[in-house]
Amino acid sequence: MDIKLDPSRDDLPLMANTSHMLVKHYILDLDVDFGNQVIEGNIVLFFGDGNRFKNQSRSTQETFQMESEEADIFRTAEPCHVPEMDSSTFSPKMGHRECAVCGKGDQDAFDNDGNHDNQERDSEISSSKYCCDTGNHGKRDFLLVLDCCDLSVLKVEEVDVAAVPGLEKFTKAPKLLATPEKLRCEIVRDLVALPADAWREQLDCYTRCSQAPGCGELLIDSDNWSLRIRKTGTSTPADFPRAIRIWYKTKPEGQSVAWTTDQNGRPCVYTMGSPINNRALFPCQEPPVAMSTWQATVRAAASFVVLMSGENSAKPTPLREGYMSWHYYVTMPMPASTFAIAVGCWTEMKPKASPPDDLMTEHSLPLSPSEADLRYDNTCNHMEYPCRFQSASAASQDIIPYRVFAPVCLEGACQEALLWLIPSCLSAAHSVLGTHPFSRLDILIVPTNFPSLGMASPHIIFLSQSTLTGTSHLCGTRLCHEIAHSWFGLAIGARDWTEEWLSEGFATHLEDIFWAEAQQLPPHEALEQQELRACLRWHRLQDELRNSPEGMQVLRPNKEETGHVSASGASVVKHGLNPEKGFMQVHYLKGYFLLRFLTRTLGEKIYFPFLRKFVHLFHGQLILSQDFLQMLLENIPENKRLGLSVENIVRDWLECSGIPKALQEERKAEDCSPSRLARQVGSEVAKWIRVNRRPRKRKRGKREVAFEKLSPDQIVLLLEWLLEQKTLSPQTLHCLQQTYHLPEQDAEVRHRWCELVIKHKYTKAYNQVERFLLEDQAMGIYLYGELMVSEDARLQQLAHRCFELVKEHMDRASAQVVTEMLF
């Protein structure tokens, strides 16, 4: 595989050789250093067999040696320079993780609050000495490859798990007969195979093993995308250490986390959904097939709150004065890309008033939990873990425990727009899909540099502050979208990341269903709202397809190669590093329209009970498009399939660019007979066009035009249609602003308003464009392009001025796209 890819334009490489070894559990022990903008410490990885290792014969294991030939050169395992520990500063509350863990002969590499001495020499692998291995009698050593980027790796060592007392009752390892190497491998092999009902004991064993001493440094090398590890004389994965410890620290420029300030000006750091995921936060196996559990202990100054995607609601443990330790864990195996962390001066927001009674009323669409979930047996098809789908109490829990965190300055906005919505949105999701896959939920309002409206991880959702403006409409729909990801994107993941529609298409389709249910809309009103939103998305999809290359319009770009990996397990994500991809919505929109087409074709009474059944059968697993489509059609009598087949759906919707024929026909029919809400908007547009044609000086006493009250979605559609007008006078724009109170509307409405302001150079509202670029960065990227193509010096200066103010904290992809627009 070519690993010298252009990091700004090419496909994203997934380098880990998961076919040979799979990480089963991570234990992270980290310190957050805001002064130097680094996270440092160590991570212990526990391995099981790879995807194809169990089926291999001795002859096929020769491929391991062939795949290792690319790594002739390794650095000599050099001891880290470590400062002596002042015993007077040791705190017994820290546990014996603070004791000697750097390997034989080394002293503790941490000072009293867990940080590496900042004066020590940084033994980065990129500046290390190299040598060739000659100690394996001509055989190549097996090479463990981890995904890694922008990390300073100080040392890698094998962990002596055999030195941990008390593991005998959990393992079958024959201590008397086994060699030390064999014994260590057997202990870990037994540990990762413990049954789900022993998860507490398993986590405790993992913790104690992670604190065991090292028993020999391993040789390491790296390139731009990976960390490569080997042990001299070990030629197959079966003989490679099953538990290794990596000492490392992140770099301030690493793209996995963003170091910035919150809305109160306080420092914070969080995972912001980088294209490279978490490989600049910790060495890991990125391919989604590498599903693992994890534990993490994170230390930070006492003024900070540490939130993570763990299943427990962690409480801080005091360390020495001024520092706290936070511990999280998960027992459901998931890809490393789902790991999330946010450290900042967040305040928990608690509702001051109960939500309206009508939003808390229980009801069902289309089946109640008792009717639906009991139709399926309690067996699960995923790897063993403590699963909520097997719990009767979890199945009936429509509202899981939740918390909301934000900078204190946003408390009022959270009270008005968010807190009262959460119970109804959670209940609505449960009424549609059944059991919540995760036991709790934290919601964090992230800093202004967050590049999207929301991001879901297990047990935690990041929301942009842009969702808190205007009415509750944008906040509610976005919250429903992110909640939908609990099922599609997290509990059920795509086996091939290029099939992004399996996550985003489903969440976009379900957000409308959840939101209508949360609002308690009668069926006819829910249908009208959904038709209006389909109209808006149709306009957006047309714009996307006009302005994107054909290769990025395909939902299944790898076609028959989808899901395939190399012999080692490595692969690439097509267009994964293209900075423009993060701002495209083709996978959201085409995926949404496919699911809408299937729902309308088959009927809601068939589709949604099927979807609930699909979730029950496939949670905890990775899927491809055909898994969903095949099960859908298998659950429909042949005489009701209306000519649908997996082959024609894949051909017409997933593997073609442009607009599918079925969608063109549907929208053509909609244009001929628009929905009531769209017709109402059309009438209002006609009024505004007449107003715009009036002479500037009107006679006194002329009757004012009466405009209808419109919903936020209707205002967006109105502004989109008005954008098609060649000219709008300043008087018309002023009247438009006053009529709909546009500066106070939600971010979707204000975005369209800013487009009108720029197009017609309405100078009185330039300050609103500037405010949008500074405060609504999740949606403002497109406006920079509009400002520059306006060819108006004042507008172009506004663009440059705003970019100068925000570029330091803007994520790299956003900054790159804006730079190309401006320069």
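Placed from the backbone N, Cα and C atoms, the Cβ positions cover glycine too.
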Swiss-Prot has H481, H485 binding Zn(2+). Which one of E499, E500, E504 is in the same site?
E504
What is the interatomic distance between the Cα atoms of E482 (active site, proton acceptor) and E504 (Zn(2+) binding site), given in whole Å?
10
Within the chain of Y588 (site 'Transition state stabilizer'), which residues six or more apart in sequence place their C-beta under 8 angstroms from its C-beta?
W501, E504, G505, A507, T508
Centre the Cβ atoms of H481, H485, E504, go out 8 Å, and tell me which other residues of that chain have a Cβ in range of the Zn(2+) site.
G454, A456, E482, A484, F488, G489, S503, F506, A507, T508, E511, Y588
In all the protein chains shown, the tally of other Cβ atoms within 10 Å of the Cβ of E482 (active site, proton acceptor) is 24
With every protein chain in view, what's the tally of Cβ atoms within 10 Å of the Cβ of E504 (Zn(2+) binding site), excluding that atom itself?
23
Three-state secondary structure, which DSSP defines for E504 (Zn(2+) binding site):
helix
